[in-house]
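Have a look at the structure below before the remarks.
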Ligand code: S3P
């Protein structure tokens, strides 16, 4: 969050729908791709032009950090950004600490970039980010030659001294994490030789696709050990003209809203459906949702579609754990959908959710139970016995715990409750989806006092 969000008071939120939701909306640009567009543009020599950049606080934190390290970044219209890069190896030491706000992606990917530049950088963050584990990134980056001084538990604030003589490594990811994978690949950009990351389960592959587009030499191979991604270092990146597709993680909220408010029909256009990101749509279809994808096309090297969903009552299932990486940010809103399904939904293998912007298993279980849902919290997941389409009681104030996706999930849950649901603080929504409220209003769900 920005300085204002730190100092201002919590902003409670209640959303109401007085009838079915209807209409067509376009959600803002993909957060993961927006961060990477700025970062790779900052490392290219020449001007990268980006259209459709997400102008949420997390991405703005990335832009500010890159500017502080010498990149020239300007905005000329809504979503249109120009980046004059400094070249791989050309980042400068910032004069002051860099504030990462709430953004884990900015923090972990930039740590990778900085780790193989001979600069000293201090990173700070808000209360949520300062609780999140960074050892998963400092560990491989230490092997590459960077050194770190961290707060207890390996957390922010931390100071990194980047390696003057970086070493290439072969790193098998201990957790399925696109952020860790990307941090090592980005460190590999300014490292002599070949840096390899091995992932057992495929995570979002935007770094690989985009680095190849910027001209980096990448080799990807499926092996018995997993997917091996090798980057050849001391790369030269060529500037690009990019269009950022719509964020499937933001589209998830209006789509599930349409599913649970009886009689609704909503279309979200230009939604990224990269197979490493489309797990929610696949799981909702397995649960019987009436979803169609039309106008499938390519935008900025990614497949996008217009996604239409009609209200309906889902059937509970056992969600296959291997789908998790392709919908890792969508579980809070899937839990909401499951709370209105017929029968039991069992979700396991989700321990990673405990180290997101909040502990998403505990935060969601507490809020769902407070609103009358039947939920059992497991160490690695939730069991949710749905209402069979009946409205939940609601009537509670739920804690969003500085977590944008928790805040939006409970705002949506409130659309099908007998009594209003109050989200204690909606400010974090601005980190990823600043247009959430106006777009929901366009569909017929608006704020109450
Ligand atoms: C992201 C990767 C995921 C996701 C995050 C964005 C990325 O994190 O939760 O919102 O852009 O690489 P993990 O890599 O920690 O799973």
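Just so you know, glycine gets a Cβ as well, placed from its N, Cα and C.
Per TrEMBL, the feature active site, proton acceptor maps to 329. Under the heading 3-phosphoshikimate binding site, TrEMBL lists 31, 32, 36, 177, 179, 329, 356. According to TrEMBL, the phosphoenolpyruvate binding site annotation covers 31, 104, 132, 179, 360, 405. Positions annotated as domain 'Enolpyruvate transferase' by TrEMBL: 19-438.
Features per TrEMBL, on structure.
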residue : record                           : Cβ neighbours (10 Å)
32      : 3-phosphoshikimate binding site  : 27
36      : 3-phosphoshikimate binding site  : 24
104     : phosphoenolpyruvate binding site : 22
132     : phosphoenolpyruvate binding site : 20
177     : 3-phosphoshikimate binding site  : 21
179     : 3-phosphoshikimate binding site  : 22
329     : active site, proton acceptor     : 24
356     : 3-phosphoshikimate binding site  : 20
360     : phosphoenolpyruvate binding site : 25
405     : phosphoenolpyruvate binding site : 28
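Confidence for the domain 'Enolpyruvate transferase' (19-438), expressed as mean pLDDT, is 98.
A simple way to gauge crowding: the CB of residue 31 (3-phosphoshikimate binding site) has 24 other CB atoms within 10 angstroms, across all the protein chains here. 177, 179 are the binding-site residues among 36, 132, 177, 179, 360 whose C-beta comes within less than 6 Å of an atom of ligand 1, given in sequence order.
Cα proximity to residue 405 (phosphoenolpyruvate binding site) (within 10 Å) is found for the following recorded positions from 31, 32, 36, 177, 179, 329: 329. Rounded to a whole value, the Cα-Cα separation of residue 360 (phosphoenolpyruvate binding site) and residue 179 (3-phosphoshikimate binding site) is 18 Å. The distance from the Cα of residue 32 (3-phosphoshikimate binding site) to the Cα of residue 104 (phosphoenolpyruvate binding site) comes to 11 Å.
Checking the recorded positions (31, 36, 177, 329, 356) against residue 104 (phosphoenolpyruvate binding site) with a 10 Å Cα-Cα cut-off leaves 356. Largest CA to CA distance in the phosphoenolpyruvate binding set (31, 104, 132, 179, 360, 405): 19 Å, whole number.
In this structure the C-alpha atoms belonging to residue 177 (3-phosphoshikimate binding site) and residue 329 (active site, proton acceptor) are separated by 12 Å.
Ranked by Cα separation from residue 132 (phosphoenolpyruvate binding site), the binding-site residues 31, 36, 179, 356 are led by 356. For the binding-site residues 31, 36, 179, 356, a Cα-Cα cutoff of 10 angstroms around residue 329 (active site, proton acceptor) retains 356.
In this structure, residue 360 (phosphoenolpyruvate binding site) is part of a helix by DSSP.
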